[in-house]
Amino acid sequence: MLGKLAFTGIKSRLRDYLVLFTGLIISSAVFYMFETLATNSSFLSSSTNGMDSASFIFQFGSVLLTIISLVYIFYANSFLLSMRQHDYGIFMMLGAKPAKIGRLILTETLVIGFLSSMVGIIFGGILTASLGNYLMEKIVQMDLPNFQALSVKAVVLTLALYLILFVVAGLINRRKLIKTPVLELLKGDSQPNRPKLKPVNQTIQIVLGLGLLAFGYYVMKHFVDFQLASIPIALVTIVFGSYFLFNAVFVWLVVLLKKTRWAQQGINNFTLSQLSFRIRNYTKILATVSILFALALGAITVGMGFGNEADLFTQGSSGYTMALKNPSQAVKKQTNDLKLARKSSYSFKATKKAVYYEKDEFDRQPLQDVSDKWMKAISKGKKPVASYDSRDGKTLQKNPGSLYYLQGDFEQEIKVVSAQKYAEIQAPQQELFVFRVKDIKQSKEKLDQIVKTIYPKTFQQQRANIPGGYSSYLSGLEAFGGFEFMGFFLGIAFLAMLASCLMFKILSGANSDKHRYEMLNKLGVRKQVLRRSISREIIILYALPGILGTIHVLFGLQLFKTLLIAPYQGIWLPFLIFVVLYLIYYWITVKLYQKIVLPAVEIDK
Amino acid sequence: MDNQAIVSAKNIKKIYGRKGEKQYEALKGVSFDVHAGEFVGIMGASGSGKTTLLNILTTLDQPSEGTVEIDGQNITGLKGNDVADFRAKKIGFIFQDFNLLENLTNSENIALPMSLQNVPMAKVQPQIKRLAEQLSITGILDKYPNEISGGQKQRVAAARALISQPAILFGDEPTGALDSSSTTDLLEMLTTVNQEQNVPILMVTHDPLSASYCQRILFIQDGQIGQELKRGNQSRQEFYQQIIDDLGAFQGQEAKYKC
């Protein structure tokens with residue numbers, strides 16, 4: 001019977017549980033994916049220059065994901081509890097012992113936890129096998145022949161973590177429920193939270209909220225001064241700042257709006273009253289959502305920022321895309337297909353003692369290297385623009401540093417000598433062929449082809465050893481691509497969790513709102529008007545945390561100034577992607593809500 | 001009549017609000033007894049304290065002062081498993097809004113108090129059958145609560161309250177959500193249960209028709225018992241008339257107080 005009670009409980013509120021499940025499944029699926037990537041040894045060993053950095057990135061990602069899952073699961077469980085409290089109240093009224101109720105809650109929580117993490121793992125496996133693999137190849141540019149989507153270690157880790165989280169959450173729920181008086185359980189839902197305006201209190205909260213936010217932003221902007229302490233400081237101040245701000249401003253806003261003439265028109269007053277009816281409950285979730293929103297949007301923005309970074313990184317690493325020694329005619333022909341910014345060829349002779357270049361050749365065709373302006377722009381925190389300095393024979397004679405890099409051998413001494421001296425050296429003449437492409441991203445495939453022509457069999461191993469921007473680009477892709485990939489998935493996971501949280505909150509009120517909409521319909525309010533009222537009410541609930549979350553991100557990006565060359569570059573794209581996804585969630589919430597509350601009987605036809 | 005007191009309330013006070021803040025005294029020292037086999041009604045205007053009193057009697061709330069004994073057990077200050085056992089074994093409760101679980105069939109709803117005590121369904125079945133016959137709900141046992149009428153729902157709720165053979169049955173406006181014919185049906189059935197099984201009933205109501213089924217009525221006013229009305233040998237119709245008259249006088253008096 002206990003089992004039946006638990007399960008019929010789930011069946012009767014399937015819609016709410018589905019939302020809960022979806023959020024949990026996405027969270028555990030993404031977690032599983034991160035663990036698979038981070039713990040898969042075949043994946044790590046097949047990487048070119050040791051995927052240590054990438055492995056660390058994914059471990060870091062799963063730590064972040066664990067923290068956020070913790071918050072999410074606690075939130076989801078208190079939602080679960082609020083759904084069930086009336087039933088539990090009846091059980092208690094009928095004389096169920098506290099221990100029994102406790103067991104019931106634990107059973108329900110664990111069953112939900114187990115089911116959702118199992119489905120999440122399966123889903124995560126599919127995700128890793130298809131999307132993950134595809135994206136890894138696309139972003140990190142690696143073929144993964146021996147990559148497996150099923151990792152026992154990751155399964156065990158995911159399951160263990162989620163079950164522990166659910167047991168803890170179940171215990172907390174149990175404690176909370178047993179401590180609540182039965183009367184409150186039975187009647188708690190229908191009591192409105194009447195927003196009271198206490199001006200002094202409110203003003204203090206606004207000042208405190210703004211002050212805390214300002215301090216948090218300040219700390220993030222001055223990351224260098226506060227070092228690692230700035231992250232916990234910012235987290236605490238911004239969380240509390242958001243909460244105070246919502247608590248004070250939101251209540252005030254609604255009460256003030258109700259006094260305007262706008263509120264007297266149509267059913268605007270009803271919409272506002274709907275908002276104020278459960279206003280206190282909403283302030284907490286809105287603050288939570290604004291933080292999650294910032295984390296999600298931040299993850300995607302920073303991730304994509306890292307993606308752009310590979311290009312910038314390449315620009316600054318070398319004056320040329322590739323430096324090839326004695327390329328064949330076939331290879332040279334292939335370079336003709338590239339959109340080149342510069343192409344040169346120098347002759348050299350190598351003896352056991354040193355490598356010799358002819359000074360005159362550099363006078364005729366100066367060698368290029370990255371300009372100092374590039375580094376200066378970065379150190380000033382400005383967006384660097386690619387610019388190159390030319391180096392003639394005389395400069396190189398004094399300092400052949402640029403040549404060392406292109407030669408790819410730091411052991412052997414390089415000497416730039418006069419034509420006469422060069423002719424005297426007894427060694428076969430060789431060629432150093434250098435070129436720079438206009439856009440490395442676009443030329444990537446053709447460049448790969450060139451390397452394949454040179455090293456038909458050892459392409460994978462050798463391509464990272466070719467001097468020039470191409471190899472930097474590869475390692476950049478590996479490190480930054482990992483970040484991009486992680487940021488993207490973390491962002492999606494956060495978004496799924498935050499939007500589900502908000503959705504739970506709104507939809508969980510829908511059942512008790514039903515009779516109000518029914519009544520309005522009976523009073524002759526058109527369905528169209530009711531629909532508009534609903535979408536307005538919900539968009540306010542979505543927009544407020546969204547706006548605050550966006551501001552958090554704009555300031556939060558300051559943190560990444562030390563890690564990223566240009567954190568604000570191309571910021572519109574992740575923002576756009578994010579807003580579109582967020583709006584989709586909004587749209588789904590509105591549709592579900594309308595489906596619940598709008599009466600089947602239509603007055604207008 | 002057996003004169004043993006099933007409910008014995010002594011000097012119950014209930015004060016809301018913390019010390020130092022603005023306090024509100026909902027009950028100002030209420031004392032009364034309910035004896036075995038009695039059918040007692042509690043009447044009073046909104047805010048008179050009748051629901052608070054009922055909540056205290058059913059262990060949903062604790063009094064600030066005073067004691068309540070039910071079936072010889074002091075229930076004030078009961079905690080944890082003791083409260084649960086008390087609710088499960090000693091009292092039955094009928095709510096105005098039924099409080100049936102919509103995901104269980106009616107017979108499962110009736111069996112719920114027993115299931116919560118781990119009594120196997122097979123053992124409860126005969127009892128359900130007997131109660132269902134008595135309350136005329138045999139035909140709807142396998143249906144779900146949302147498939148039956150309000151009157152039927154309340155009879156299911158009554159069956160659930162009686163399944164554990166409680167020492168007393170409490171009703172919180174049990175007819176409040178019913179039409180007049182369902183109200184009559186339910187009250188007649190409750191009267192039968194009261195007389196045949198000797199189960200005392202204590203019911204809060206503001207409906208004179210419902211109250212006329214009681215043997216004794218306590219009027220609560222401003223947190224105190226203001227008046228007591230006994231049916232004695234009157235017919236139900238006569239008693240109903242008396243209630244209406246007294247209620248008029250009672251409320252008139254109250255209105256005077258307020259002016």
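Note: Cβ is positioned from N, Cα and C throughout, glycine not excepted.
A TrEMBL annotation is a machine prediction, not a hand-curated record.
Taken from TrEMBL as is:
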| type | residues | note |
| --- | --- | --- |
| TRANSMEM | A:17-34 | transmembrane segment |
| TRANSMEM | A:54-83 | transmembrane segment |
| DOMAIN | A:61-181 | domain 'ABC3 transporter permease C-terminal' |
| TRANSMEM | A:104-127 | transmembrane segment |
| TRANSMEM | A:147-172 | transmembrane segment |
| TRANSMEM | A:203-220 | transmembrane segment |
| TRANSMEM | A:232-257 | transmembrane segment |
| TRANSMEM | A:285-306 | transmembrane segment |
| TRANSMEM | A:485-507 | transmembrane segment |
| TRANSMEM | A:539-559 | transmembrane segment |
| TRANSMEM | A:571-588 | transmembrane segment |
Go through A:17-34, A:147-172, A:285-306, A:485-507, A:539-559 and flag the stretch with the largest number of C-beta pairs under 8 Å relative to the transmembrane segment (A:571-588). A:285-306
I'd like to know if the transmembrane segment (A:17-34) touches the transmembrane segment (A:539-559) in this structure, counting it as a touch only when three or more C-beta pairs sit under 8 Å and are separated by 6 or more positions. no
Chain residues outside the transmembrane segment (A:203-220) and at least six past its termini with a C-beta under 8 angstroms from it: 226, 230, 233-238, 240-245, 247-249, 555-556, 558-559
Checking distant contacts: for the transmembrane segment (A:285-306), what same-chain residues at least six beyond its ends satisfy Cβ-Cβ under 8 A? 68, 71, 75, 238-239, 242-243, 245-247, 250, 480-481, 483-488, 490-495, 497-498, 501-502, 505, 541, 544-546, 548-550, 552-553, 556-557, 560, 564, 566-567, 569-571, 573-575, 577-578, 582
List the helix, strand and coil residue totals of the domain 'ABC3 transporter permease C-terminal' (A:61-181) as derived from DSSP. 104 helix, 0 strand, 17 coil
In the domain 'ABC3 transporter permease C-terminal' (A:61-181), averaged pLDDT is 79
